[in-house]
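One structure below.
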Amino acid sequence: MTENEQIFWNRVLELAQSQLKQATYEFFVHDARLIKVDNHVATIFLDQMKELFWEKNLKDVILTAGFEVYNAQIAVDYVYEDNLMIEQQHQGQQGYTEQAFQQLPAVQSDLNPKYSFDNFIQGDENRWAVAASIAVANTPGTTYNPLFIWGGPGLGKTHLLNAIGNSVLLENPNARIKYITAENFINEFVVHIRLDTMDELKEKFRNLDLLLIDDIQSLAKKTLSGTQEEFFNTFNALHNNNKQIVLTSDRTPDHLNDLEDRLVTRFKWGLTVNITPPDFETRVAILTNKIQEYNFVFPQDTIEYLAGQFDSNVRDLEGALKDISLVANFKQIDTITVDIAAEAIRARKQDGPKMTVIPIEEIQAQVGKFYGVTVKEIKATKRTQDIVLARQVAMFLAREMTDNSLPKIGKEFGGRDHSTVLHAYNKIKNMIGQDESLRIEIETIKNKIK
């Protein structure tokens with residue numbers, strides 16, 4: 001691409017993005033490519049079904065960019081995957097170059113190259129999902145098919161989808177891979193219906209080696225006739241040919257209430273794994289990894305403070321670091337203290353769910369009352385079985401129900417260090433998963449505290 005062609009195309013994209021909603025831009029413009037500008041004609045490669053949208057909505061954009069760069073009216077010649085090779089054969093060196101064609105893969109995977117297994121932080125809450133994803137990437141279509149990953153927003157489902165795709169692509173650069181949200185699958189279905197080009201949609205999705213569908217619950221929300229039918233047929237075509245399918249959702253297959261039963265049944269053919277919010281240790285590990293992207297010093301107490309402020313998902317942690325970076329750059333600060341971090345994230349905390357301020361003393365009192373021990377005994381060093389349990393439950397609840405840092409909590413329990421609090425928290429958390437009676441006890445205490 002010449003310098004003028006690059007300037008022209010960048011201007012087209014800039015103008016399009018300023019005029020379209022982000023979702024519309026991503027769907028209709030993101031995958032388009034400029035091949036060349038010759039004799040005042042811009043040759044643009046895109047999906048055939050999107051040509052009508054470009055003609056109707058982006059003609060003025062191309063005209064504007066053309067006059068700005070070439071001082072001429074630029075016409076457009078749209079080419080598609082199936083006719084690009086034909087044009088090249090007819091035009092030889094005067095037409096499209098081999099290099100240009102190679103830059104246009106048979107399938108636009110839409111994978112994000114920054115996501116890999118290497119930079120995904122593992123913890124107890126996502127260990128099985130990671131293991132299953134790696135197994136699928138190593139032997140697609142044979143191990144778990146489909147793989148269904150569910151969990152709340154911001155927990156790493158999209159990261160794992162892309163990591164699977166990038167891993168497969170690394171081993172087999174010719175693999176036909178497609179990452180797409182269920183919402184965009186629906187959008188493509190609608191466009192193909194309107195253009196009467198459903199055969200193209202079938203060709204595109206039913207000949208894949210790996211299909212990665214994000215937020216499949218969006219498919220359940222749609223009542224458009226034929227959408228679920230088309231996905232059902234796509235699923236069957238791929239599965240029958242031992243092609244790997246990976247799906248993510250914010251709920252289990254059984255809770256996709258508006259989805260046809262036959263789809264739900266197929267989603268459960270393979271393996272279903274859950275990702276839950278990261279525990280404190282994992283949040284610390286995530287932050288320790290993320291701060292390497294910033295040119296600031298983060299002392300350990302600051303990292304632990306931040307890990308204690310956001311416990312619902314990874315996006316909150318990433319957003320907090322961006323807030324801190326903004327404040328630190330403005331103040332020209334190199335070392336991020338707890339006070340600086342607290343100032344930087346104040347607005348984010350105010351925008352988020354409000355946490356009722358609960359004194360640790362109140363937690364200790366309610367736990368002691370429930371287990372028949374005194375607050376003094378909870379804070380002391382005595383290690384009889386009933387006191388140790390009460391002490392660890394109180395530490396667990398102090399971590400769960402307040403935004404105090406681990407060192408602060410330890411100080412309220414007789415001056416214990418943060419590692420003792422962390423050990424107690426993890427121990428009780430693990431016990432809750434195995435002991436239903438303990439879980440009920442802790443819920444009872446929490447209700448009394450609230």
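A Cβ is built for glycine as well, from the same backbone N, Cα and C atoms used for every other residue.
Annotation source Swiss-Prot lists ATP binding site at G154, G156, K157, T158. Residue density at G156 (ATP binding site): 27 other Cβ atoms are found within 10 A of its Cβ, drawing on all protein chains shown. Annotation note: G156 (ATP binding site) sits in a coil segment as assigned by DSSP.
Swiss-Prot lists 1-84 with the feature region 'Domain I, interacts with DnaA modulators'. Across all of the region 'Domain I, interacts with DnaA modulators' (1-84), the predicted model scores a mean pLDDT of 84.
Here Swiss-Prot flags 84-109 as region 'Domain II', drawing on sequence analysis.
Positions annotated as region 'Domain III, AAA+ region' by Swiss-Prot, on the basis of sequence analysis: 110-328.
In terms of DSSP helix, strand and coil, the region 'Domain IV, binds dsDNA' (329-450) has 88 helix, 1 strand, 33 coil. What Swiss-Prot lists as region 'Domain IV, binds dsDNA' is 329-450, and the listing cites sequence analysis.
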Secondary structure content, the region 'Domain I, interacts with DnaA modulators' (1-84) (per DSSP, counts of residues): 50 helix, 16 strand, 18 coil
Quick one: which residues besides G154, G156, K157, T158 have a Cβ within 8 Å of the ATP site's Cβ centroid, in sequence order? G151, P153, L155, H159, L160, T248, I275, N313, V314
Which entry in the list of binding-site residues, K157, T158, has its Cβ near the fewest other Cβ atoms, using 10 Å as the limit? T158
